[in-house]
Structures are given as C-alpha cells and as structure tokens.
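According to Swiss-Prot, the protein carries these features:
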type: BINDING; residues: Cys146, Cys149, Cys199, Cys202; note: Zn(2+) 1 binding site
type: BINDING; residues: Cys163, Cys166, Cys185, Cys188; note: Zn(2+) 2 binding site
type: DOMAIN; residues: 5-70; note: domain 'J'
type: REPEAT; residues: 146-153; note: repeat 'CXXCXGXG motif'
type: REPEAT; residues: 163-170; note: repeat 'CXXCXGXG motif'
type: REPEAT; residues: 185-192; note: repeat 'CXXCXGXG motif'
type: REPEAT; residues: 199-206; note: repeat 'CXXCXGXG motif'
type: ZN_FING; residues: 133-211; note: zinc finger
Amino acid sequence: MAKRDYYEVLGVNRNATEAEVKKAFRRLAMKYHPDRNPGDKDAEVKFKEAREAYEVLCDSRKRASYDQFGHAGVEQTFGGAGAGGFGFGDLGDIFDDIFGDIFGGARGGQAREQRGADLAYELVLSLEEAVHGLSRTIKVPTWINCKTCNGSGAKKGSSPATCPRCNGSGQMRMQHGFLQVQQTCSVCRGRGQVIKDPCTDCHGQGRQQQTKTLSVKIPPGIDTGDRIRLAGEGEAGLFGAPPGDLYVQVRVKPHPLFHREGNDLHSEVPIDFTTAALGGEMEIPTLDGSVRLTIPPETQGGKQFRLRGKGVKALRSGAVGDLICHIVVETPVKLSPEQKDYLKQFAELLKKDEKNHSPRTRNWFDSVKDFFTSK
C-alpha cells in the first residue's frame, strides 16, 4: 500500500514550522499512543505513521530531501524514516510532555524553555582552500531575537503574564480512567506565561526572520564530510530561550590534477615513450609550487614516485602526507610516414638484438604458451 503524504498525516501545510509539526504530532500521539489504546491495532498503525512523518519533517535534511523527491528521496538517502527501529527514546521532550506523569508520579511541572533549532549550511571549497585553510563569509537565513522586545514577545513597557490556565507550570494534568497524564498547556504552549499586549514588530513571537552574515574560520586539512559547529548561531529560541547551533558541512570540489586519499594526494603524470626509455626530468606541480622529478631510464607505465611531505597536513595530528605521482606512458599519435619508418627500423633492431628489451611482454607470451600447452 502506498504511503500517505507526511504533511497530510500530520495535518499541516508544506510551509509548517518545526513548532507546528511538533504540535501536530503531540496531538496525534496523545490520541493514538499504544499505551493509551491497548490492543488497538488501528491506533498503533496510526501512531507509527504519525511518528514516521514527524521524524522526517522535524529533520531539516530529511525534510528537504522529502520535499524534492518524496518518500523515495528519504529512503535512498537516509535508509528510510525510522531506519533505526521503532522506539520512543529519540522523541525525548514530546513524550515527556505526554507521559510525564503516569499513575500519579509527579515530575515537578515547571515550564520549559524552547531552545532554538539547529541549522545546517553546506560550504563548498576548492582543494587548495581545504588544504591551506581560510576564513569565509557566509549568509544564513535564520530567526533572531526581536530587537524591539528583546525576545520577550511583549510590547515595550509591558511584560508577559502568568498563564491563567496552568498557573505558570506550562503543563496540565489529565485523568483518563486510572491513567493520569501530564501534557503541555494548550494556552501558553508550555511557556507558563501569556502575552496580553504583544510586540507590534514580531507580533508576540519574540523573534524575527533575518539573513545573518557570519565569518567561518576553516582550519587547514579539512575534508569532505567534516563539519564545523558554531555554537549559538542557530535559530533564536522562543521568547528569549537559548539559540540553537549552526553546523557548517564541508564539501570539497573535484580537482583537475589531484585526487585526495586521506592525507596523501595522487596525480597522474603523462610522459612520452622516449622519456620513459631514456629518462629525463620533469616539472611537477604541487599545491605549494612546482618541483623537479627525475625520471630514471627504462621507467614503465604504472610506476609510482612518492614526493615526501607534498601532501596534506592532517587536521588533528599535524602529520603531513605525500604526493604520489602515477606515471602514464603515452603512445605517440598522428605519426608521419617518415616517423613510422624510423619506428619500424627501430623495431627491427630490437629483434636482431638477443637482449630481452621487453621482459614483461616476453613473460606474458611465455605464460600464454604454458597455459595452452598444459591443456
């Protein structure tokens, strides 16, 4: 059976905020949680469906993938929602609100601050930038504390009042037969206070949307998959609560000359067949300038030369990798008739000589001969 749209499951629109998604899930969890519907298979299915939708829509990366590619995007990129198994521990504060007080066990009932959401930002770097490090300015759309009310949500000169329904606890106790549960107050949404005279700039939310400009220091040696945490640079919390963090995810672009493996750099170095046979010197580029590489006579294709200390300085240990040059011997092309004649004469000279000028070729033919004669 085809999966339902996650937004439809939770009953929210596609532009719903994280807080709205969480609120919708709380409502469904209260209604369909298995502990409140023992033996009801239909309720269990609906609860699992709501939980799966919540896990995707409250995760910024999963939600972006879902919005673009649907269910297939989440399954292919993240292994599907709830890939870690069906459990309740990862829903933390939501189940604290719903089942914080079972069988009369009090939990203290104090209002809880709603910390701002964490943000993710992908930073694309060149290989040179990743190896040497730099400072980069980035622009991040986010929520900041309202400067007019300093995040309180109340109009200047006024202040929030104690919620008349929960008396400032932020939570309400509900009795369902022998089961007593404690849930977030629907009036103050767990804050314990209400705004009677809201700030006109932020409309009582205590925060406003703004694009924040930040300077990020990129340490030398960083690589794709590494991330930098900027504490407190995420979204502002609701009504003056602490902000979340910003995680800068690094992605290094492919380089035309070098391929990185750990702290080593690899590069293909093409040489003509005369240099391979007679030897010579070449100018080899590195990320710190060029160096001279001596090619010894009779160098074969696939030969590797290791240039010590010309790789990447490790991000944590400080050890420096090497540059490994992979020799590629090129066969000449677009030969003139005269050049072809010289090569034919050269080939005849090699045949007349009893020396083994191509040991790998001879060994290969000997192996082929042995293979067929042994049949």
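From the backbone N, Cα and C atoms, a Cβ is placed for every residue, glycine too.
Annotated features taken from Swiss-Prot, shown on the structure.
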residue : record                : Cβ contacts under 8 Å, 6 or more apart
Cys146  : Zn(2+) 1 binding site : Gly153, Cys199, Asp201, Cys202, Gln205, Gly206, Arg207, Gln208
Cys149  : Zn(2+) 1 binding site : Lys155, Lys156, Cys199, Asp201, Cys202, Gly206
Cys163  : Zn(2+) 2 binding site : Gly170, Cys185, Val187, Cys188, Arg191, Gly192, Gln193, Val194
Cys166  : Zn(2+) 2 binding site : Met172, Cys185, Val187, Cys188, Gly192
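Neighbouring residues of the recorded Zn(2+) 1 site, listed in sequence order and excluding Cys146, Cys149, Cys199, Cys202, comprise Lys147, Thr148, Asn150, Gly151, Ser152, Gly153, Ala154, Pro198, Thr200, Asp201, His203, Gly204, Gln205, Gly206, Arg207, Gln208 (Cβ within 8 Å of the Cβ centroid). Residues of the domain 'J' (5-70) grouped by DSSP class, helix first, strand second and coil last, total 50 helix, 0 strand, 16 coil. In the shown protein chains, 24 other C-beta atoms lie within 10 A of the C-beta of Cys188 (Zn(2+) 2 binding site). As a summary of secondary structure, the repeat 'CXXCXGXG motif' (146-153) carries 0 helix, 0 strand, 8 coil according to DSSP.
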